[in-house]
Amino acid sequence: MVNDSHFGGFTLLGFQGQPQLEMIISGVVFLFYTIALMGNMAIVLLSFLDDHLQTPMYFFLRNLAILDLCYTTNIVPQMLANIWGKDKRITFGGCVLQLFIDMVLCSVECILLAVMSYDRFNAVCKPLHYMTIMNPQLSRTLVAMTWGVGVTNCMILSPYAMSLPRCGNHHLDHFFCEMSAMIKIACVDTTAMEETTFAMCLIIVLVPLLLILVSYGFIAVAVLKIKSAAGRQKAFGTCSSHLIVVSIFYGTVIYMYIQPGNSPSQDEGKLLSIFYSIVTPSLNPLIYTLRNKEFKGAMKRLIGKEKRSLETTGQ
């Protein structure tokens with residue numbers, strides 16, 4: 001290991017002493033990162049370029065795709081550089097930035113998924129008034145609110161975590177600068193910090209999850225009232241993709257941060273962090289696009305337009 005006795009930043013240990021496991025994990029991470037980049041960029045571009053996708057649902061989905069792009073890019077390049085290179089260090093400023101972005105984006109995604117469930121509630125339960133209720137101004141306000149809450153949550157916890165005395169210990173037992181790993185290297189009693197973090201997690205995670213469950217409760221009742229099988233299938237199709245994403249993301253976050261009883265082991269926590277911060281953002285575009293006829297249609301229209309443009313240029 002590089003001599004870091006006078007280094008003011010942190011050393012990211014990863015799976016220390018298990019180089020083969022790290023290489024396997026890095027290969028998997030690189031694969032999912034590539035999928036996340038391609039899939040989420042496709043969603044952003046299609047939702048901008050195709051006139052048929054200029055609805056509130058795709059506005060929120062575009063914001064989720066941008067968020068996932070930022071989320072994975074905040075973690076993966078530094079992680080791969082540390083695994084593939086000999087220097088596993090990160091500067092103090094780089095660690096602060098990584099922790100800040102990670103906490104903001106995780107908080108924003110929790111709330112944005114709740115906003116998207118409210119959008120689906122209006123689409124299914126109030127279809128005639130949907131475009132009036134979910135007007136562009138309200139949609140932009142809801143997205144701005146999610147970012148405001150995310151930044152506020154981060155501004156409460158991040159400075160507190162970074163200011164904890166570490167007594168010279170700057171070896172983080174993780175792949176990136178993560179809140180729980182930062183707390184564990186403190187050399188003082190962190191009970192107050194842990195309780196504050198737990199309380200904020202309850203608010204940021206469970207309140208949006210409750211709103212999601214309530215929204216889907218109303219949606220289920222509305223779907224059961226639809227007499228035609230085709231109508232029920234269409235209503236279910238508009239919500240199933242979002243429900244799958246919610247289940248994957250919230251299930252992992254709840255298990256990791258606010259499960260009853262003991263917390264996951266350190267190695268298990270690292271794998272869970274990789275799952276919800278890297279694997280889940282790569283699954284989102286696959287879940288939404290593969291199950292969505294409008295996205296498939298938009299892709300065909302874009303490819304057809306490019307073909308016609310090339311044919312015209314060739315003539």
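Just so you know, glycine gets a Cβ as well, placed from its N, Cα and C.
A TrEMBL annotation is a machine prediction, not a hand-curated record.
Here TrEMBL flags 23-48 (among others) as transmembrane segment.
Among the features that TrEMBL reports, domain 'G-protein coupled receptors family 1 profile' is placed at 39-288.
The transmembrane segment annotation in TrEMBL covers 60-80 (among others).
Annotated transmembrane segment per TrEMBL: 100-121 (among others), in sequence order. With a cut-off of 8 Å between Cβ atoms, the residues of this chain six or more beyond the transmembrane segment (100-121) that come close are 56-57, 60-61, 63-64, 67-68, 70-71, 74-75, 134, 142-143, 145-147, 149-151, 153-154, 157-158, 176-179, 204-205, 208-209, 211-212, 215-216, 218-219, 238-239, 242, 245-246, 249-250, 253, 277.
Per TrEMBL, transmembrane segment is recorded for 142-162 (among others).
For 197-224 (among others), the entry in TrEMBL reads transmembrane segment.
As annotated by TrEMBL, transmembrane segment applies to 236-258 (among others). Non-local neighbours of the transmembrane segment (236-258) in the same chain are 57, 106, 109-110, 113, 116-117, 120, 123-124, 180, 198, 201-202, 205-206, 209, 212, 216, 219, 223, 264, 269, 272-273, 275-276, 280, 283-284, 287-288, 291-292; each lies 6+ residues outside the stretch with a CB under 8 Å from one of its CB atoms.
Annotation comment: TrEMBL describes 270-290 (among others) as transmembrane segment.
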